[in-house]
Amino acid sequence: MPRTLEGQITMEKTPSYFVTKEAPRRIYNMSRDTKLIVVVRNPVTRAISDYTQTLSKNPTIPSFQALAFKNVSTGLIDTSWSAVRIGIYAKHLDNWLRYFPLSKFLFVSGERLVSDPAGEMGRVQDFLGLKRVVTDKHFYFNETKGFPCLKKPEGSSKPRCLGKSKGRPHPKIDGQVVQRLQEFYRPFNMKFYQMTGQDFGWD
């Protein structure tokens, strides 16, 4: 990490930290004062999105259903598939809470980041002890991408949108597959809501 001067905040983002077993201990040993921001979204949508991204890079991979189930007829979910495993947020958070208290975390709703980006960014700024500088004036909704984009309120420069890999249409997944995954995640979601004191409304 670069040296941080008085009045500065150093930030780093890596999605895999939250699901990497060794990460909490390593980060704790580096700095136990670290504040942690975790963006989560409905784990079913997350798994489909993960699959969509892999499919765009490798169109010959098996179907979503083939990868998600160990046994389709019994409905047994394959938790060894990373797209499924990552969404078991309660399990990952358990690992982090062995090193960091809940007060060091801010859980950001991926859904609200799309529907109310300024509101979620307000929470982020408060959590980091920053003045609320980023407001609704900084966002506009891009119909093509289906995401909000960042703009300078003065209109001085080109808006910044998420890259090409974001906002691509998801493949059609059988309703029963989606329903089975929702059932699978429900107890983990409920535990996650209890652990964080937040209901993300995924059920």
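In case you wondered, yes, glycine gets a Cβ from its N, Cα and C as well.
TrEMBL lists 30-186 with the feature domain 'Sulfotransferase'.
According to TrEMBL, the 3'-phosphoadenylyl sulfate binding site annotation covers R41, S49, K166, G167, R168, P169, H170. Sequence-distant neighbours of P169 (3'-phosphoadenylyl sulfate binding site) (same chain, 6+ residues apart, CB-CB distance under 8 A): T52.
The disulfide bond annotation in TrEMBL covers C149-C161. Long-range Cβ neighbours of C149 (disulfide bond) (same chain, at least 6 residues apart, Cβ-Cβ under 8 Å): F139, Y140, F141, N142, P159, R160, C161, L162.
Comparing the binding-site residues R41, H170 by how many other C-beta atoms lie within 10 angstroms of each C-beta, the top residue is R41. The Cβ neighbour count for C161 (disulfide bond), using a 10 Å radius and every protein chain shown, is 17. Within its own chain, S49 (3'-phosphoadenylyl sulfate binding site) has H170 as residues 6 or more apart in sequence whose C-beta sits under 8 angstroms from its own.
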